[in-house]
Amino acid sequence: MIASVIVDVPAKQIDRTFDYLVPESLHAVVRRGIRVVVPFGPRKIQGFILSIKDETTIKNLKPIEEVVDIEPVLNDELLSLSEWLTEQTLCYRISALQVMLPAAMKAKYNKYFHLLDDHDIPVKIKSLFEKESPLTWKTADAHHALKDLQELIRQRKVEMRYVVKQSANVKKVRIVELSNEDIEVSGNAKKQLLIIEELKKTGGKLSVPALKELTDATSAVIKTMIDKGILIESYDEQYRDPFSQRTFDKTEHFKLTDDQQKAITPILEKVNSFEQQTFLLHGVTGSGKTEIYLQTIDQVLKQERQAIMLVPEISLTPQMVQRFKGRFGDQVAVMHSGLSVGEKYDEWRKIHRGEVNVVVGARSAIFAPFKRLGVIIIDEEHEMSYKQEDSPRYHARDVAIERSNRHGCPVILGSATPSLESFARAKKGNYQLLELEYRMNNQDMPEVKVVDMREELREGNRSMFSRDLLEEIAKRIEKKEQIVLFLNRRGYSSFIMCRDCGTVMQCPHCEVSLTYHRSKESMKCHYCGHEEYVPNECPECTSEHIRYFGTGTQKVEEELFKLMPHVRTIRMDVDTTSKKGSHEKLLNAFGRGEADILLGTQMIAKGLDFPNITLVGVLSADTMLHLPDFRASEKTFQLLTQVSGRAGRHEKTGEVIIQTYTPEHFSIELAKSQHYEWFYQKEMMMRKTAQYPPFYYISLITISHENVNKAAGVCSEIADILKAKLTDQSIILGPVASPIAKIQDKYRYQCMIKYKNEPELKSLLKKILDQYSHTGKDAVSINIDVQPYMMM
DNA sequence: AGCACGCCGACT
DNA sequence: GTCGGCGTGCTC
């Protein structure tokens, strides 16, 4: 019996199967989709069994060392999906397999030195082994002992062993129970008697932490009882439950409005007939998309099938978790970046074991190992976070459609502001368009006011708040209503500049300006993490007039405090929400009315839904508009529409104030009238003229190298190859320097391909990738994104 | 990606 | 004459 294995080495030459002999003892367990540990050269590594066969042309087969799983971790569908993913995104097969599993299941590798013969070995080495045996590579390296050890290995006095460890860890809890033996306990041992009593009361078995809680006993007491044989200890697997502290109120179906009923009918038809169909559910905020999702899932569950619901960064919407857990109880697994590695692993195991039937999660939840999918839902379909930016560079929407084809089930893409690609496909009939035109309860859309900041400046207002905004803020505070202030991106544009010579402090390794961080009085690079203190004098002209410019959230907070010292503000940005759970804590505090103003970046644009918010202010609508990205207008429109949706979601009507320097720009004008269809028409015209998606597909090749000329040269070679091989209907742009020309001391050049129909492109790109991804002295690093969302 | 093997410069 | 630099090639 022979197994074909994909090993855990992401490299060009290793990107294929290797055959291994299956030892007799493992015949019963070894199957496709099981992880194994195999010898690979001198070391041992983890791998996935892709197939089992009887013969091979390879001589000198090595045997599989051990199996990691009893049950396959990837089923046939996911294994074949990984093949599709490899072809689609031009990634290594191992990366495609790895991305489908929680991070906890990635192997860890350790090297240990074992002492075989301690005669005639250096004193230094001997003492190391006395302190630690086996000796880890790390300590050996720390004591500069690797050289000596290498020599001892040659003399066969020391051996190096490679150990594959699972970073996955099943949480175990210690359980104690009463033994059957009748052992006398002295009347003085009050704690022991109490423990026995408690155990009898609860059926004879309790976890140690629970027992300690109940009886206030110490570990010592329990240990004594185990040693005496009164108690028997054992271990039990346990799930880490991130929601254990919370209860979810059971919620019932809402009665659907006619509008909603009209939308859900065709979806349920496809669910019932087991047919694939992609629906684009277009409905403004508050039009009741979530209830449609919930009732569709309900139908799917009745058929004993399963559902995947994707949301962008779910930790940001505890309210969404609430709604799902409330409706479906413990049938729901939750998967998002806010969970610890162990928690994610546990949620995954619940899915894998079939203990839950619904998963609500971020991008990677699209790979949930369900066997009978009944529906896949992608909420806020237009969100960029559905595209993974490193290998495998997949878009969750594409994976969803691919999986739905394999399972015969519908996909629902929901959004108030669909991506142009999706809306165009819906108009063409590739997707079925479902419109929700009315808000539930017939609420009015909030009134949106655009303030021209140039006008403010002309009239002598040089602050970052327009007079209108300040006035409205004051009004709400008087009425005890709440306000959300929105600012683009953390520390965006809060660069540091010398006022005398205009020098802007830049990262020495990347071509970006450093961002000022008040808390540490330092400047940080957002691309490589480089950090340094703000200099006392300008490195160029030695002037001392150094100050920071731009408006970070911290600065807004300060200004706000200067203008209205009595106003309570909660600031939400990366700095204040980095700690686990702090995000929710801040939001809850705001929900309880502990602050008047919620000030934040991107992260507050989604999901928050508090009845008392009646004013939303966007401090600078155009920061995003001027990014070097053809989707800049689309993103601005989506963001403004979404932010506006935060105001007046309940009885009180809301108002939105958008501050901008370009009020005439159509994405700002149309965000004001909240007219998606007009925006779509206008933006489509722009895209057509500029030859961008959805009229053209694009692919992006990025070359990076320490030497500028090398990077540019290779990129130009590649452009030439493309020009020669592709049809003349395709457009090849570049090579040009990447918008971020240097990251971590490597210069970046890129080349963009725009095409409509180029059946050979994938294989050509694969060829180029092979040709240039060799490892050598002057090797460049090459990256290909087949369908990029970030142009940087 | 690692790791070993192997072929040329600066030292005891 | 040896130690050690890192170029080259292989991993079932």
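Cβ coordinates come from backbone N, Cα and C, glycine included.
Heads up, TrEMBL stuff is auto-annotated, nobody curated it.
As recorded in TrEMBL:
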DOMAIN    A:270-436  domain 'Helicase ATP-binding'
BINDING   A:C498, A:C501, A:C538, A:C541  Zn(2+) 1 binding site
BINDING   A:C507, A:C510, A:C525, A:C528  Zn(2+) 2 binding site
DOMAIN    A:533-686  domain 'Helicase C-terminal'
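Shown on the structure are the features that TrEMBL records.
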| residue | record | DSSP (3 states) |
| --- | --- | --- |
| A:C498 | Zn(2+) 1 binding site | strand |
| A:C507 | Zn(2+) 2 binding site | coil |
| A:C525 | Zn(2+) 2 binding site | coil |
| A:C538 | Zn(2+) 1 binding site | coil |
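Within 8 Å of the centroid defined by the CB atoms of A:C507, A:C510, A:C525, A:C528, the record's Zn(2+) 2 site, lie the Cβ atoms of A:P508, A:H509, A:V512, A:L514, A:H526, A:Y527, A:G529, A:H530, A:I743, A:Q744, excluding the listed residues themselves.
The CA atom of A:C501 (Zn(2+) 1 binding site) is located 22 Å away from the CA atom of A:C510 (Zn(2+) 2 binding site). Looking only at the binding-site residues A:C507, A:C525, the densest Cβ neighbourhood within 10 Å occurs at A:C507.
A:C510 (Zn(2+) 2 binding site) and A:C498 (Zn(2+) 1 binding site) are 20 Å apart (CA-CA, integer value). Excluding the listed site residues A:C498, A:C501, A:C538, A:C541, the same chain places A:R499, A:D500, A:G502, A:T503, A:P539, A:E540, A:T542, A:S543, A:H545, A:I546 with Cβ atoms within 8 Å of the centre of the Zn(2+) 1 site Cβ atoms. Contacts of A:C538 (Zn(2+) 1 binding site) defined by a Cβ separation under 8 A and a same-chain sequence distance of 6+ are given as A:C498, A:D500, A:C501, A:T503, A:E544, A:H545, A:I546, in order along the sequence. Comparing Cβ neighbour counts within 10 Å across the binding-site residues A:C498, A:C541, the minimum falls on A:C541.
Taking Cα separation as the measure, A:C541 (Zn(2+) 1 binding site) is nearest to A:C507 of the binding-site residues A:C507, A:C510, A:C525, A:C528. Sequence-distant contacts (6 or more apart, same chain, Cβ under 8 Å) of A:C510 (Zn(2+) 2 binding site) comprise A:C525, A:Y527, A:C528, A:H530, A:I740, A:K742, A:I743, A:Q744. Among the binding-site residues A:C501, A:C528, the residue whose Cβ has the fewest other Cβ atoms within 10 Å is A:C501.
In the predicted model, the domain 'Helicase ATP-binding' (A:270-436) shows an average pLDDT of 93.
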